[in-house]
Amino acid sequence: MAMLPPPGPQSFVRFTKQSLALIEQRIAEGKTKEPKEEKKDDHDEGPKPSSDLEAGKQLPFIYGDIPAGMVSEPLEDLDPYYADKKTFIVLNKGKAIFRFNATPALYILSPFSPLRRISIKILVHSLFSMLIMCTILTNCIFMTMNNPAEWTKNVEYTFTGIYTFESLVKIFARGFCVGEFTFLRDPWNWLDFIVIVFAYLTEFVNLGNVSALRTFRVLRALKTISVIPGLKTIVGALIQSVKKLSDVIILTVFCLSVFALIGLQLFMGHLKHKCLRKIENETLESIMSSIESEEDYKKYFYYLEGSKDALLCGFSTDSGQCPEGYYCVKAGRNPDYGYTSFDTFSWAFLALFRLMTQDYWENLYQQTLRAAGKTYMIFFVVVIFLGSFYLINLILAVVAMAYEEQNQANIEEAKQKELEFQQMLDRLKKEQEEAEAIAAAAAEYTSIGRSRIMGLSESSSETSKLSSKSAKERRNRRKKKNQKKLSSGEEKGDDEKLSKSESEESISRKQFHLGVEGHRLAREKRLSAPNQSPLSIRGSLFSARRSSRTSLFSFKGRGKDIGSETEFADDEHSIFGDNESRRGSLFVPQRPQERRSSNLSQASRSPPMLQMNGKMHSAVDCNGVVSLVDGPSALMLPNGQLLPEVIIDKATSDDSGTTQIRKKRRSSSYLLSEDMLNDPHLRQRAMSRASILTNTVEELEESRQKCPSWWYRFAHTFLIWNCSPFWIKFKKFIYIIVMDPFVDLAITICIVLNTLFMAMEHHPMTEEFKNVLVVGNLVFTGIFAAEMVLKLIAMDPYEYFQVGWNVFDSLIVTLSLVELFLADVEGLSVLRSFRLLRVFKLAKSWPTLNMLIKIIGNSVGPLGNLTLVLAIIVFIFAVVGMQLFGKSYKECVCKINDDCSLPRWHMNDFFHSFLIVFRVLCGEWIETMWDCMEVAGQAMCLIVYMMVMVIGNLVVLNLFLALLLSSFSSDNLSAIEEDTDANNLQIAVTRIKKGINYVKQTLRELILKAFSKKPKISKEIRQAEDLNSKKENYISNRTLAEMSKDYNFHKEKDKISGFGSSMDKYLMEESDHQSFIHNPSLTVTVPIAPGESDLENMNTEELSSDSESEYSKERLNRSSSSECSTVDNALPGEGEEAEAEPVNSDEPEACFTDGCVRRFPCCQVSIESGKGKIWWNIRKTCYRIVEHSWFESFIVLMILLSSGALAFEDIYIEKKKTIKIILEYADKIFTYIFILEMLLKWVAYGYKTYFTNAWCWLDFLIVDVSLVTLVANTLGYSDLGPIKSLRTLRALRPLRALSRFEGMRVVVNALIGAIPSIMNVLLVCLIFWLIFSIMGVNLFAGKFYQCVNTTDDSRFPTKQVSNRSECFALMNGSQNVRWKNLKVNFDNVGLRYLSLLQVATFKGWMDIMYAAVDSVNVDQQPSYEHNLYMYIYFVIFIIFGSFFTLNLFIGVIIDNFNQQKKKLGGQDIFMTEEQKKYYNAMKKLGSKKPQKPIPRPGNKFQGCIFDLVTNQAFDITIMILICLNMVTMMVEKEGQSDYMTDVLYWINVVFIILFTGECVLKLISLRHYYFTIGWNIFDFVVVILSIVGMFLAELIETYFVSPTLFRVIRLARIGRILRLIKGAKGIRTLLFALMMSLPALFNIGLLLFLVMFIYAIFGMSNFAYVKKEAGINDMFNFETFGNSMICLFQITTSAGWDGLLAPILNSAPPDCDPKKVHPGSSTEGDCGSPSVGIFYFVSYIIISFLVVVNMYIAVILENFSVATEESTEPLSEDDFEMFYEVWEKFDPDATQFIEYSKLSDFAAALDPPLLIAKPNKVQLIAMDLPMVSGDRIHCLDILFAFTKRVLGESGEMDSLRSQMEERFMSANPSKVSYEPITTTLKRKQEDVSATVIQRAYRRYRLRQNVKNISSIYIKEGDKDDDLPNKGDIVFDNVNSSSPEKTDATASTISPPSYDSVTKPDKEKYEKDKTEKEDKGKDGKETKK
């Protein structure tokens, strides 16, 4: 990191020739040094440019102001990185940094030349960029003209001139392209350059098609991006995500190609089948030759009315049949102008792309099924599930991750900045002394006027009696400072910093029952937050957390005076007082983005805050965590420590990184140097700098003030009304009234009523009703106006307008009043829609709504930029479309429209072009593209549409979604569920409840006194009732209110099982889901016996909010046998009972609940003797039967059979008499069996257990239905209406299967958990939509009626019929005229919602939009595009109602599953235990043991073949052949010549021969081992089938199936390409994600099938006979079970549900005929029932399309992120696989050991990252590998040591080690037991020692031999003597180091002997690990 020079006056130095010379000198010096430095390792990166001083950024404010005369002047570069580079900077007035190259521009202009200086001045001036911006915008407006006038030519020249001028200025200022920071070095300038070049080219050179070149001008719109800074980053993110998409795109293209090939083989030519009229004496050929044009088609082929294409038909039995008098032929062109077909590979590919993006795919689906047969539905199921759901969501996942990474990078950068500033400030501290004088003066200045307020602050601190002394003193000091600010009204400045209406501001402002003075004091208290308690870690004043949770709940109840809340309560339940008032200080420091960490409730941990009276309280901290805080007696351990807490994870909100920087910057002291004080100019700058960085908050406020000080004086005088004492009293009185919770409740009720009144508007309304609505509106307006006025009086305007909600209220009231006065003005009725905004006032008291609005608010920031980018893209494409295709639409319109008028969707003018582009963004591109291709040629249209589709829809819209999902940080929704702060509404409701209960109780007591004869029982009952009433009060809204503690309670005998007695009184029963037991997000402090807590000795402050500690807490939760140890995390709805005494599993439980037994003692039966004993034995027998596995299996079989029986009851049942009779008897049998099962279970389990299980209730209800219908049938009432409708409820029978199949139950439990949030979102959607719905009434009610000709449903033109009366006149004259309404319209609130749902799902929205656009007025005949701009209403609705709200579903569901995952300890919630095993196996692919390689055959011939086959080149050749084969299959097309068919046939034969050859070769060389490899078996099967298909094609075709199936099987070979994927890491990750998602997706699919099954049965019984029109016809209907399933599968993606609903909305003639007779059936009429139909379809769409399919998305996103994480790890599974592959060669017998001598070769044979290249002996020795006898080393030890080398030493290594051992043990149960006897290091040491000893001995012998030779030799011998000694020393060293070395490494390196890894070791290891982790955490904490 480059250290920045201390910013001071000397930082700004003019750039002169000397500066340039200095730089050149530095460069020269650098060059001379370079040669030496070259040797340095490349890894040491040089200094980097400072991120704060990058070009384009603002000058950091630490530099103070720019001295006069230095603005827009060349200055020396501030960034040290550029010290030796030729650059200089220029700063403009806005302090933006511009960096320039100091070399001469264009080799002419030096930095000092006047021309360049002037250019630079122009370039950096803010007006220059403004001018360019305005030019671009004006230019864009001109571009939208479709046929511009002559004079616009000159305007064009002007634009070109301005752009040229801009470029010249840039080139003069920067230089052209040589060197850094020149013109062409910035890619954005390339754009300018191209635009200008083209402008001149088109002018001077005649290039033919000008309009195409003119489209290049559109690129100018992109320049806006380069001018607006925020956009560049978004575009950066977009480009990043497109790069990341490459893998997905490859995978998508591959999958689509495969599917397209299958489609090509299956459906080639099928879509040309048409119904031809039978004509006497004419053959098909003669007819075809006589047909010339389209027109003739109509004569011969069968057309359905209103359709452009002839009716399709097929030759198979289950395909579409032709009507009477027609027969099926293959003739003519394909449907949709011939563009929909599978005839060639390219059209098939387009069709599959369309399927994948799900655009109008129901049409393709219906056409294909009609032509080919219903069995092919399977093809579509596979494509939709794999292609559409999987691939499209992968794109979403990738884009979301790219966004997330971008986010992460920004946060990193922020941290980096913080570091830089810290370093800077450290430097500045050196100058401290000089600055002290100034600081002192400032302090004097601020202290004036403090003392005045002494008394006041004194009293205010009295209010917090519980606080510790020191905190109180500190608070007083702060208060004195702050009071001064209050009086001068300056807190406004402070609020600017707290992100508005977020953090604590919204808390403090909403206190109730404080006088106005008290109210103000409370704000004081808030200002004083930072220093007031020891807990406040960083000043919460600056903690403007981005999505701070506080604002969601903490609206009310901050004051001390809370008498009102406790009016009915005795003192035992009073609220934990000071905790309320000090809420502000309880911020927990958070690290950016650590969203999922659990938050410890600090409130419960701070001793000074406890009341000392031994009562239990609940503290609620600022994050909404409730903690039960007991008096000291219970809360302290004997040694005075606080207890650890049981925390059940609670997510926290994001902290934005930037706020922390700001805090750092502000809080540090700032210093000035002496000499500044002399120079007045500098002194002034010094002052400005001091004001920025002093740590006195006041000055900070002043420097931050948004408004001039006179404004504050004015506000103080006029906006705070404290005139006379009487007025103040009056004000206080009003305040008490207005702020009372009951008033709030009343206002909320008014809002709800007002909303209802607005929703009740409908189309024909009576006068009375109209008047009621008008009067109602006046009344409500009055009420809201009064509320506003009273609040203004009570709070003073100054306070009133500080609260966001009040500003909102006042706006709405003002608008309502304005609207009242302007009510009669025509055209202003839209103002009425502003009243709707009142609905949003509900958010005040409805947390979910508030939160969702907040989420939308949060994402609007980044979305603002994204929306701009989207707008620019839409604009560009709209203009491009208009320029390229506009003319063609005009000229060739007759091709697409019979009457030669422009269709509704065209590109002839900008607005329509924009609509088409917008429609493509909505995902509907194919229909407009057909039109385009028909008029303007295929190529251009395809290119433009695909670009819009991919860029706009797939990338930008997914980025939209990603942003939305990221603003759903994981705390949001769950937080609401446990909204722990009662807001005013809840307080009011609680009060009402208390009142009612009080009345009930007194009444009951009176009655009991009068009648009671058994006082004992009555007392018990009363106790129970008390318990209930208290439960209701204190634990309302999932809040654990105060739990009082009563010491005498210990003496009571009956205790609730499993729970300690001290809470008996106030705890709910375990089965109650409201309790904290089922609400794991509450923090509960629990006493634990000292011996049981493994966290006991940790200091409580260390329970950090790090997520690692979740595990230890969970363990604590399980191990401590404390009061809460039976906490059961079961999902609500399973109703499991927590029993204390271990129940013997084969004994039934009690029959009745304790309550029953208490009231009716007769229920208690003694089981010791007599009848009781017999009864007990019977129960035991039943219990054994019911618990037997066979019984369960039998019942499952019965359920399946009875469900299956329902599928037979279709419209043909009347004709099949035998089946009908069988079904009737079967039905009775099933009913009896189920009744028997129920009775058995009653006897076995007892009523208590049976009726507390939700699944049993389900069984019970379904059995009841069967029973009722059975009884009715026997009594002969089976034809009664109600009985018939009950029969349809039998469709619910399959639901019983849910509880029996674990896979589905898992998913359903997850769903049930998500239901509350889904409901919340649904409600919010409804509220959101309500606004559009009410606007819709104002705009369209009653305007959708039209006069039509019933023969062909065409509308009369307005010239003939202009209004209703004229239409009725016509009707009298003719039968065929009708004044009819659109079925789906805006006439009443239900239909409005239905219309909006159709628009939001983009199904059926066209008709609604056309009707809206054509509408004229009530009772007027519509006219074509009369109201064109109504499209905008729909565009806005789609953006807010569809993009936002429907995507909130995805957000909520994903969010919820993350929540549930946490509750279940991070396991995937969609999988059963079995599937989890599969999943984990998938994850541990690396747990392979070394395999024996296939031995090379001994036979020489076989050996050669073996070498060939196992060679990699062979594999690659085969892959190439497969690819070629695929290409030849792609070449096939419909209607190819015979020659081509022959060629392809022979090519295919060649391929079959080649693949057979491969097969044979492998069989010869691999022998029986061939079949041990999965791929080989696959190949073998494919080859055999290919041969069979080739030789027996004719035979099979005549007798069995069509040979196309064999052609499809050949495609299976393509699957082998997947083997190549080993190489492509990215794609493998994606496939791995798919493999991991499979089990969960299978379960979700099962659930979806179940839902479809039930709905299909239901549909059959209700809609089998509806009229066939719109989407219902002879193939797609509800007549049989199969047809129903086909229809429902189509609606699962919401496709075409409008068409199926339309016929069901026919309720009376003339739409349908209620008397129509259906032959063979007793039913008559073909009318639907609209209410049932709407409920049926809407519920199905919500369940399948919005919930289940989104679960699918959630799973994919989840697994994708897991797979990506795994693939980014330094060592992946592949590396381990590679290790074992190499191992096989060195250990052919798979002994798992290799000899030490081979180790060096082995290490060198590996691939990176495990590779250790030779020479590697030393490294290997240093690894200290354990060896066994025979000098062998075990593979795991080697693998582990190598891994360690890659990953480095760390704590994680230990966990990895244990994982590997565990893996290995699981993979090799037959593990060779071995004891390591030595290690490589020891072996080396032994070698050395042996050598030394040998040497010494040799020398000794030598010495003996030469003893008696001359004295010289003796001297030599002495020298020799030394050598051994040296050796000895070495030896000693080695020896002494050896034990230590082995000791030191023993713990981490030498593995425990594998066969002795027993449980105790493991546990000890675990313990060590946790201790290490804890230590690590302590370290982290201290660092903080």
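If you go along the chain as it appears here, the first residue is 1 and each next one adds 1.
Glycine too: its Cβ is placed from the backbone N, Cα and C atoms.
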Can you say which of 61-77, 1285-1301, 1829-1845 is given as transmembrane segment in Swiss-Prot? 1285-1301
Would Swiss-Prot have L238 on the same side of the membrane as W846? yes
State the residue range annotated as transmembrane segment by Swiss-Prot; the candidates are 92-108, 211-227, 296-312. 211-227
If Swiss-Prot marks one of N1037, N1349, N1908 as N-linked glycosylation site, which residue does it mark? N1349
Candidates are N865, N1372, N1759; I want to know which one Swiss-Prot annotates as N-linked glycosylation site. N1372
The candidate from N209, N722 that Swiss-Prot records as N-linked glycosylation site is N209
Tertiary contacts of the transmembrane segment (1512-1531) (same chain, 6+ residues out, Cβ under 8 Å): 257, 261, 264-265, 345, 1544, 1547-1548, 1551, 1554-1555, 1558, 1610-1611, 1613-1614, 1616-1617, 1619-1620
Hey, how far is C900 (disulfide bond) from C1367 (disulfide bond), Cα to Cα, in Å? 27
Within this structure, do the transmembrane segment (863-885) and the transmembrane segment (211-227) have 3 or more Cβ pairs under 8 angstroms, counting pairs 6 or more apart in sequence? yes
I'd like to know the mean pLDDT over the repeat 'III' (1177-1485). 86
How many Å lie between the Cα of C1367 (disulfide bond) and the Cα of C1712 (disulfide bond)? 22
Would you kindly list the residues that approach the intramembrane segment (913-925) from elsewhere in its chain, counting only those six or more residues past its ends and only Cβ-Cβ distances under 8 Å? 357-360, 870, 874-875, 877-879, 881-882, 886, 905-907, 945, 948-949, 952-953, 956-957, 1402, 1431, 1435, 1438, 1442
Residues sitting near the transmembrane segment (743-759): Cβ under 8 Å, six or more positions beyond its termini, same chain? 737, 773, 776-777, 780, 783-784, 787, 835-836, 838-839, 841-842, 844-845, 984-985, 988-989, 1330, 1333-1334, 1389
Distance check, please: Cα of C1712 (disulfide bond) against Cα of C1347 (disulfide bond), rounded to an integer number of angstrom. 19
Between C275, C900, C1347, C1712, C1727, which of the disulfide-bonded residues has its C-beta surrounded by the fewest other C-beta atoms within 10 Å? C900
Counting other Cβ atoms within 10 Å of each Cβ, which of the disulfide-bonded residues C322, C894, C932, C941, C1367 scores lowest? C894
Sequence-distant contacts of the intramembrane segment (1684-1696), meaning Cβ under 8 Å and at least 6 residues beyond its ends, amount to 358, 360-363, 365, 369, 374, 377, 380-381, 384, 388, 1401, 1403, 1648, 1652-1653, 1655-1657, 1659-1660, 1671, 1675-1678, 1737, 1740-1741, 1744-1745, 1749
Under 8 Å between C-beta atoms and at least six residues away from its ends: which parts of the chain pack against the transmembrane segment (1543-1564)? 1502, 1505, 1508-1509, 1518, 1521, 1524-1525, 1528, 1531-1532, 1536, 1570, 1576, 1579-1580, 1582-1583, 1586-1587, 1590, 1610, 1613
Tally every other Cβ atom lying within 10 Å of the Cβ atom of E819 (site 'Is directly targeted by the spider protoxin-II'). 20
Taking a Cβ cut-off under 8 Å, which residues six or more beyond the ends of the intramembrane segment (345-361) line up next to it in the same chain? 252, 256-257, 259-261, 263-264, 267, 339, 380, 383-384, 387-388, 391-392, 923-927, 949, 953, 1530-1533, 1693, 1695
From the recorded positions C322, E819, C894, C1727, pick the residue whose C-alpha lies nearest to the C-alpha of C1347 (disulfide bond). C1727
I need to check the long-range neighbours of the transmembrane segment (151-172): which residues 6 or more away from its ends have a CB within less than 8 Å of a CB in the stretch? 105-106, 109, 115-116, 119, 122-123, 128, 131-132, 135, 138-139, 142, 145, 183, 189, 192-193, 195-196, 199-200, 203, 220
Sequence-remote partners of the transmembrane segment (1638-1660) [C-beta within less than 8 Å, at least six residues beyond its ends]: 385, 1203, 1206-1207, 1209-1210, 1288, 1290-1292, 1294-1295, 1297-1298, 1301, 1303-1304, 1306-1308, 1311, 1468, 1470-1472, 1475-1476, 1478-1479, 1678-1681, 1684-1685, 1687-1689, 1692, 1736, 1740, 1743-1744, 1748-1749, 1751-1752, 1755, 1759
For E819 (site 'Is directly targeted by the spider protoxin-II'), which of the three DSSP-derived states applies: helix, strand, or coil? helix
